[in-house]
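**Q** Below you'll find the structure I mean.
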Amino acid sequence: MGIFGQKSKIKTAPQTIRVEKVVVSQQQNKAGSANGNGNSRPRPTSHPNGSNKFASSSSLSLKPPSSNGNGNIRRTAKSASPYPSSSDEWRGGASARLDRKRKAVSSTPRDSPAFGDSSDDDGEDGDPFSNHNKRMRRSASVDVNRKLRHKKAFGDEERDPRVIHAADIASVATSCPPILGAPADEVAVELQYPSRCKPERYELVWKKDKIDAVKDILTVVRHVADTYLTETEAKPFIDHHTSFRRQMERAISEKYRDMAAFKTALNSYNESLRALIASGSVARNLDKIHHLPSDLVAFILDQVYDRTVAPKVELLSKYEMGSDNVYGELLHPFITKILEQTNMTSDKVFIDLGSGVGNVVLQAALEIGCRSYGCESMENPCNLAEAQEKEFRSRCLLWGVSPGRVHLERGDIRTNKKILEVLKEADAILVNNKAFTSVLNDALINMFLDLKAGCKIISLKSFVHDNKTAINDVANSILDVQRYRYHENWVSWAASEGEYYISTKK
């Protein structure tokens, strides 16, 4: 049909099909990554002592392939560079990933910095900027009532967000060698974020299992351009040929290896962004949007985790096997899917029963803007959750965004007064109950009697089963249950797919 519903008068030529015979080699190289994720990070062992035990505390972690854009620094396979190629070595499988007691951070573990083989004629496949014009993806139903701009982030005076700086974690002082063989006194740099806050301090160093400063900086630049700037404003930041990001990419490539050029491009980025902040452009742009892209949400949460939980991740392996207190995490894409399925909006209430270090609670608050509650009984996860919450508040201010209110509670989910009170308001409840004892699962069913109609309960094990028991009769009478499958690498304790359930209170 032509435009305006009229039948087109133009007839196309008949197609001719050309057939070519191609000889295909029987030995093909297979992709070496089971996950494809460019952003791994230290995670606790889910089954110490060799036991493949499921988890009982919910949280989050990685993105699916290219979820946060943190894997953009690339290199060729046969490079002569002294820096080996980037390899997502931890992703060989669930046991390889989880049996290691990692003190790493969300930067992909590898044996060298991820310096690219940048050239002026990069092909599209190796071009980290080829998709820069694919602007922030919006959800199908935008929550127009959500206000993203942080009220304190764009005042007249510069604020100190009091974050844990990257340089506090990865620096010459923490035995990280400078990149490109630079002198130790030349590695300090600052990175401006999209707010009227003081910049974050970095040192251009690299060490396995530490924050990858170069990757972090380049990813921040991309997210700022994609989410906070208009197309025109973003061009100097991520244009393929002449942008600040492209200049930084080239400067640290094997071809140039120019620390001074990298720092010059970074300073130009900082100055340009500060000018846009001062003009009010960044704040105005934020006022026009109501949703953060999921890869930016994941990146901010990874930054928080890297600076608080990662340095002490070994504490999470200390728990009693066979009890309700087995630690494991639900990862970023899984939680994003759950939040979509439960139709969460900024005026609703989310609760995580068994919240671990608070990852899911923070993700719901940032991604949705809702009130988000969590309750955890184990001391070490509780301590790390409090550290995360503090850094989360500071880092949201640094990024200029306002999350929903976060409430983290210590204690038994069955007796905590605040949790029992707020359960009556809940719109969605997450229970990672795969390893819960039958006694605890039965107690939860009784707690669900007080839920309002329509409340969604997400669980790893169904509360309604085939057993003929009184408590199962109660669950069957108050819950409508639907079964779903989660994807590979969506949980910390296994690389395979699995089942989860969404129960709706009748």
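Using N, Cα and C of the backbone, Cβ positions are placed for all residues, glycine too.
Sequence annotations record features per position, and here TrEMBL assigns S-adenosyl-L-methionine binding site to 327-330, 350-359, E376. Annotation source TrEMBL lists compositional bias 'Low complexity' at 31-40, 49-70. For 78-87, the entry in TrEMBL reads compositional bias 'Polar residues'. Per TrEMBL, the feature compositional bias 'Acidic residues' maps to 118-127. The annotation domain 'DOT1' is assigned in TrEMBL to 200-506. The region 'Disordered' feature in TrEMBL is assigned to 22-156.
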**Q** Other than its own, how many Cβ atoms are within 10 Å of the Cβ belonging to G358 (S-adenosyl-L-methionine binding site)?
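**A** I count 32 other Cβ atoms within 10 Å of it.
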**Q** If you average pLDDT over the domain 'DOT1' (200-506), what do you get?
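**A** Over the domain 'DOT1' (200-506), the predicted model scores a mean pLDDT of 94.
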**Q** Can you tell which of E329, D352, E376 has the least company, meaning the fewest other C-beta atoms within 10 angstroms of its C-beta, among these binding-site residues?
**A** E329
**Q** According to DSSP, which of helix, strand or coil covers E376 (S-adenosyl-L-methionine binding site)?
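**A** DSSP call for E376 (S-adenosyl-L-methionine binding site): strand.
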**Q** When DSSP is mapped onto helix/strand/coil, what comes out for G354 (S-adenosyl-L-methionine binding site)?
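**A** Assignment for G354 (S-adenosyl-L-methionine binding site) reads coil.
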